[in-house]
């Protein structure tokens, strides 16, 4: 009887026991790399497709041959990104740790609840954003913008208002699918939506002559198509059956858990988005503002293109880490995090080589103005260095999201970008003679310090504690944050994100 008894005790105490006996670390890492690649490759294609959609819209905007319309549309897009899209994108990320950990824990109905809660949250947030957008002209005029450009910006953003509703559904649905490692349907849906985007814009802008209104309506129409394709997939594939318990009044509970994750996630996203907007404003104060602002626009588009790759990897790592924590597998979560970091280092090297290879020809894809070409060529190698830090730190942000520690990530971003990077950028650009180059050296300082901070966090993470926190998150999310008087409130424990060991 002793042997069976020992076996029972071992099975009950070793919660990390895996059905596959003692795989080597190398084989586990290789298998994990395959799992990450399976999720991230379709996401990269999806990102490239959606990037091309934005470029198509800008091309039709440029073909209007109306400088005030082009300026107004560009200004409206920047305003929409800062005051609307960044907020909705950031808030939606709050559901990611809940969904990935719930899927790993096989508590599938919680995914449907998180989807309902987050969609409702974004719809509610769209109301004050809409009020702000309705007053865009007054706001722009208050800050000294040209009246004609403000009029055009108002036209564009008023016709973009329905997009807030569409984004309130699109963001949660994407996360809902990604959390289950379902990414190919996202790619197919984006492909067909972008394929239709060209004739839609041609019809609205060129054939019907709607001009700036047509560009805005074309973007909305494409998002309607994208949302429709995703809903069709969810319904006909049956993927919703094990995760959807129908519309439930429980979606009005559990908001404290969601908000404690959503608000730091939103802050983290906005801090990065707003950094580039501040950089553009600083360009206007440099020695040659017209050339530097134009070059900054090209370089921001370039970094947005490169960012698709580490961002997709970050989402994949977040999914894998969260799934394993939810499945009570701390060792596998650790392997997922370290494997993702290794892949991101290789990705950073590739991004640096790309920036170096195209530095002398990239700007000519956008302009023939020699001063702009010269500035862009000068800064691209610095961007390559930035990507050495950006790719790993973006991936490690995914580790923090998957382990439900967005507050820690937001604090790191705040300190590194605004207390390190911004002062360095201002000092080098305006007081040390580096001018335009100094702004990007400031970004390099921010990315480098951010990477070091993230590496320290990863090295000190206690994965056993993270498994415990994952269980608590699942309990609170299911029970609607009701305090039973014995278990410490989830959000207090989530605030203690220093659950790290040396």
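Using N, Cα and C of the backbone, Cβ positions are placed for all residues, glycine too.
Keep in mind it's a predicted model, so treat the numbers as computed, not measured.
When Swiss-Prot is compared with the stretches 190-210, 316-336, the one noted as transmembrane segment is 190-210. Between the listed ranges 6-26, 216-236, Swiss-Prot ties the annotation transmembrane segment to 216-236. Range annotated as transmembrane segment by Swiss-Prot, chosen from 439-459, 460-480: 439-459.
Here the transmembrane segment (372-392) does not touch the transmembrane segment (414-434). Their Cβ atoms form fewer than 3 pairs under 8 Å, with each pair 6 or more residues apart.
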